[in-house]
Amino acid sequence: MPPIPSLWIRVFFSWLLLSLPAAAAADFSHCGGCDDGDGGGGIWSTDNILQCQRVSDFLIAMAYFSIPLELLYFATCSDLFPLKWIVLQFGAFIVLCGLTHLITMFTYEPHSFHVVLALTVAKFLTALVSFATAITLLTLIPQLLRVKVRENFLRIKARELDREVGMMKRQEEASWHVRMLTHEIRKSLDRHTILYTTMVELSKTLELQNCAVWMPSESGSEMILTHQLRQMETEDSNSLSIAMDNPDVLEIKATKDAKVLAADSALGIASRGKLEAGPVAAIRMPMLKASNFKGGTPEVMETSYAILVLVLPEDGSLGWGEEELEIVEVVADQVAVALSHAAVLEESQLIREKLAAQHRDLLRAKHETTMATEARNSFQTAMYDGMRRPMHSILGLVSMMQQENMNPEQRLVMDAIVKTSSVASTLMNDVMQTSTVNREYLSLVRRAFNLHLLVKEAISVVRCLTGCKGIDFEFEVDNSLPERVVGDEKRVFHIVLHMVGTLIQRCNAGCLSLYVNTYNEKEERHNQDWMLRRANFSGSYVCVKFEIRIRESRGNLLSSSSSRRLQGPNSTSSEMGLSFNMCKKIVQMMNGNIWSVSDSKGLGETIMLALQFQLQHVTPVSGASSDLFRSAPIPNFNGLQVILVDSDDTNRAVTHKLLEKLGCLVLSVTSGIQCINSFASAESSFQLVVLDLTMRTMDGFDVALAIRKFRGNCWPPLIVALAASTDDTVRDRCQQAGINGLIQKPVTLAALGDELYRVLQNN
């Protein structure tokens, strides 16, 4: 579509040109024509001229009639609202001009008055419309000039838009290159692969001649060339270095933007080598570590930077523009992120390898510890069995000897031996338990016992110990001591022996004194050592103080320093083998206290023990002895057929004697297989089976199950088991195996008789 001003100029000139022939034709026709003879003959005759004018007027009229149609189409298709009125005026003017020419065709021949009138009216209307159009053009010309100015403005805007579109296209192309480079860079998490991929892809995108990466040295004093795209011709290209205080290095590290290096830059010359090259650009890349990503309190850390150097070819066709530098900056940021991820992965891998090595070391140490623990437990178990079995045999024999007729002095000595053996057996169980589970845990068995008898037995044992050591012994017992109290008899006896053994071990000659009396809370309130923890006893209670004092003669000094107290961590142990810490815990469990007092002259030392006991009133039932080793009547099982199963020869012989003492008919076997074979014979009529649970080849649980299974159709015999421990686990297994009774070792005559009596009564 042609511009608007040129269109109106054409219309204006066509109006001027067409109006002149119409006026001339009208004047010519008004003269009435000329004579045929005046014009001469030929082509320029009057008739030919008139015919030519008539045809011309017709063509002009047709052209004038077609122009308004074009103007009307143009006005409807274009948004020319302010110019539509002038378009209509031009259309009317052109139509009237065409009408004038059309009427003029009829004036070349003789015509009527109506033709002249019509021509006159047409000319008059044409004159009015042309005059109005001329006036309208006077107001339209400034608008046309403004349109021209706007056209120039639009042309300028179009050129600016073209430039912006080109810039957007270049930015889109740069973004595509950046995305492609980022995609290639992030394909790998290896640091060297990332740097090599960066150099290759940047070289393809920016048409580089060379690309190099400079890394800081371990000392941080210089930059070392570590990666380059093309190997230089110099022999020491792999050992090139630049000082860290180089101006270009400092300037590059000071800003995050890319920098174009000067032609004489040492960094640029070292990066391009001996080859001639074009402009050189460089940018920093942060080298982050895994420690930079750890949480917690922020720490001031100096960031380490690498330098990426890019060298263009020498031909001069390429340069470092803003777009190229922007691509380099974005790629450098992406490389920094990828390198940080690679650093995190490398450090994580190193940590993982260290943890794996530590885990292997821990597993090896755990395996060695487990093997050592198993070896220690095996050794302790073997040692415990070697010590426990003879002790159990001795206790069994002593319990049988207690039933013999003896005088009071012999009875006292025998009871002391029984009590001492029982304490030793309990101590072995405690040592085995605490060493196996690696904890200092001991249990108390509170029951009623005779305090007077305990003191007598303790005095008897202490007299024997001091006599063997060559030390004098004296004692004093308060007559106000209650006869029967509730507590752990074995633990109290053991602590007293521990105190005596500790003092005797430190003395070579002197006198040992034992004082037992009741504790008066009102009189001793000022003494902090007497501050006892109040026990939760439902009834009345009594506090008893055991005071053991050693006085050495002046010619002999104590073997240990007088300032050394039992509470110290390096205190010696007693002959019974129990440490003072364990002894103190036992005393605290019994709501008591233990402490020592040394003589200022170093000639004596006193150990005091304060305990609380619950009182038990003496009744006809409770007045009898309830001790484990008592002289009460033993039941008799005359004719009871018993089979004894025990792999230990000594214990089997002692248990055999105990059963015979109870009146049983006993058959002893050494293994569970022999026991099962004994039941296979038709003559077997055993009513009771006494078996040890800890046999070597076949334990007691399997033997009990086999007996129950073998005698399923017949009446099965009663089974009583012998075990070193009677905890809930052992009792549950005995119940599952069909065992009727359980006796804890050491087996004594009284305990064996009571359990057999209970089993026979219940079954």
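Yeah, the Cβs are placed from backbone N, Cα and C, and that goes for glycine too.
Its own atom aside, the Cβ of C97 (Cu cation binding site) has 27 Cβ atoms within 10 angstroms in the protein chains shown. Marked as Cu cation binding site by Swiss-Prot: C97, H101.
Residues annotated as domain 'GAF' in Swiss-Prot, with a curator's inference given as evidence: 190-339. Note on the domain 'GAF' (190-339): DSSP counts are 56 helix, 36 strand, 58 coil.
The domain 'Histidine kinase' annotation in Swiss-Prot covers 382-615 and is backed by sequence analysis.
As annotated by Swiss-Prot, 4-aspartylphosphate applies to D692. Its Cβ placed at the centre, D692 (4-aspartylphosphate) has 23 other Cβ atoms within 10 Å. Under the three-state DSSP scheme, D692 (4-aspartylphosphate) falls in the strand class.
Residues annotated as transmembrane segment in Swiss-Prot, with sequence analysis given as evidence: 58-78 (among others).
The feature transmembrane segment is assigned by Swiss-Prot to 86-106 (among others), with sequence analysis given as support.
What Swiss-Prot lists as transmembrane segment is 115-135 (among others).
H101 (Cu cation binding site) carries a helical DSSP state (H, G or I). Taking all protein chains in view, 26 other C-beta atoms sit within 10 angstroms of the C-beta of H101 (Cu cation binding site).
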